[in-house]
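Novice: As annotated in TrEMBL:
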{"type": "TRANSMEM", "residues": "56-76", "note": "transmembrane segment"}
{"type": "REGION", "residues": "125-149", "note": "region 'Disordered'"}
{"type": "REGION", "residues": "183-216", "note": "region 'Disordered'"}
{"type": "COMPBIAS", "residues": "199-216", "note": "compositional bias 'Basic and acidic residues'"}
{"type": "ACT_SITE", "residues": "Glu304", "note": "active site, proton donor"}
{"type": "DISULFID", "residues": "Cys501-Cys530", "note": "disulfide bond"}
{"type": "ACT_SITE", "residues": "Glu544", "note": "active site, proton donor"}
Amino acid sequence: MYSGAAAAAGPPRRDFISVTLGPEEAVGVGGYNNSKAWRRRSCWRKWKQLSRLQRSVILFLFAFLAVCGVISYTSMEEAWKSITNKSLDEQRTEQEIPGLKLANPAVLPAPQKADAIHGDYPELSLQKPPKPPHVRRGPSNLQIKAPRRDMRLKTRHDTIRAVEELVEADKVEKTEKSIISWRGAVIEPDQSTEPPSSKIKEPEKPSSVEAEDRKEPVPINERQLAVIEAFRHAWKGYKDFAWGHDELKPLSKSYSEWFGLGLTLIDALDTMWILGLKEEFEEARKWVANDLVFDKNVDVNLFESTIRILGGLLSTYHLSGDSLFLEKAKDIGNRLMPAFKTPSKIPYSDVNIGRGTAHPPRWTSDSTVAEVTSIQLEFRELSRLTGDEKFQKAVDEVMKHVHTLSGKNDGLVPMFINTNSGQFTHLGVYTLGARADSYYEYLLKQWIQGGKKENELLEDYTRAIEGVKKHLLQRSEPKRLTFVGELAHGHFSAKMDHLVCFLPGTLALGAHNGLAADHMKLAEALIETCYQMYAQVETGLSPEIVHFNLHAQKGHKDVEIKPADRHNLLRPETVESLFYMYRFTGDKKYQDWGWEILQNFNRYTRVPTGGYTSINNVQNPSNPEPRDKMESFFLGETLKYMFLLFSDDIDLINLDKYVFNTEAHPLPIWVPA
Ligand code: DMJ
């Protein structure tokens, strides 16, 4: 366009004005006459010879130069003044305190001493001085908050204390002291975050909060207090009978071991932080520091230890800023890496974290699809924090590979994948429940974590939701509840796991992040169904699996329960989705539904001597048949989501800044919205 066309169009247009002097006016021509009158006349003649346009341009230039001159004079005068004042100040200070120079003359407030902020957290990272926003970099941490933010915590602690009537003078004094150091109130990352870099770097420490981030405290309410009370009751059982072990057996007042890694304690760390339970947190931290050892000859499940242990440690690191948790996260992360040494790079299900060996289950060389595709948020974050790419590379490869695989049905995936061939196995069965559930959840959440740039993840997610709509959605009778069933070799089954109740929350999160509005509509319909899975049952607690009635029958509800499915493991999924729905809609009915569920947990699963228990029969209120086990996710997820559901503080884990892993451990979004 430029060269050919412009040349053909004739001489170029001039965008400048030339001032040409005639030969007689040239210096030296016509003799040298330097008289004032001659010079004035000659200049005037030249001026008159100029065109009007030329004269205006020259006048404009003069005017412009004059304005510039005035402006620069004023600012230089200011600078001179301040230099003069500064040196006067310095002189004055030196006179008052000989030898002392003002390092930071009264422009910024003097930085607080780290000790004063940390109080009894001596090992927490030191506060960095505030940086201008454009240079803020590095991992996102819960910041050391300025006094106003601590006020919010103070409100929470004061209320808790009031309720418990713990007002002895020395205790109050102690509490006040610890309030300053405790930072479990408003939780939002203040630093911008970046995707992992290829360079190994030192993890950065928390920096201070910007003034504009400070907000008025939101006091905790009665329902949140009830959650705190429930947590404390559960924790009491764990502490008394299972301290440092994986799970509490509240009836037999003992414990069970799965990996032997203090699973409940680690899963509950960030919940304690969020609930503001300082003393409990501190005690647990001590156990992590002194007793948590990963150098053990023990087989752990890659998925479970990633979402609970690695995820729990990473989120606790972010919330507390305490590098102990990052060190432990690195340790377990490294020990899990042998799982990826398979012919297909699809990881094995089990790893011996002491020996550094990995293997599939004894009976198969398959892994579960949900398990190999729901470890990404954690490993990616570990790469970002450590600067070591290997973690992210390993899990990204899995996602890329699964993206290309055949055997999907409109984006729906089978439940198994072979670690040798890398192909899906047991084709033809599709569910949003066990073995596939969090594949869908992590597609969306990785996309959000990475700043909504990884299009393949989004494509796979939106295609899968279309697949759900096409193949798995049905309506029950008599209430016309929308539910997600299963497809087995072309046959629809009206079976829905409680696990599927993560879906309304995930759909709502997607809609909040700009995905189709009909995702939100579907979320609203599905959360109603999940609530009915509780409300239509005798104890008001959902069974593990329900079957929906597709045809109206007199005296039958929508929900049918088979004897083998009527247990309740204190699972979080419905409460999790209620939390998202309340955050995004503000509709109080979601809080009320959650409140009903909490009361029913208290009624049927609470063990008087401490702890809560899974039950075998949600249909028998007079004997729900306690199972004698409190799963770690009750503290890691269920009670945490309850607490957040009842909160009206959107900054208490702001969903534009954090993304929850599938075990409810919040991890920072790399590029917050
Ligand atoms: C948790 O470990 C996680 O939420 C996982 O994604 C599903 N199972 C339990 C809770 O039900």
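Backbone N, Cα and C define each Cβ position, glycine as well.
Have a look at these and tell me how they're positioned relative to everything else.
Specialist: According to DSSP, Glu304 (active site, proton donor) is assigned to a helical segment.
For Cys501 (disulfide bond), the number of other Cβ atoms no farther than 10 Å from its own Cβ, over all displayed protein chains, is 29.
DSSP assigns Glu544 (active site, proton donor) to coil in the three-state reduction, placing it in neither a helix nor a strand. When Cβ atoms from all protein chains are considered, those within 10 Å of Glu544 (active site, proton donor) total 20, not counting its own.
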Novice: What count of other C-beta atoms do you get within 10 angstroms of the C-beta of Glu304 (active site, proton donor), across all chains shown?
Specialist: 17
Novice: If you run the three-state DSSP split on Cys501 (disulfide bond), which class comes out?
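Specialist: Note: Cys501 (disulfide bond) is helical by DSSP.
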Novice: 10 Å Cβ neighbour count around Cys530 (disulfide bond)?
Specialist: 29
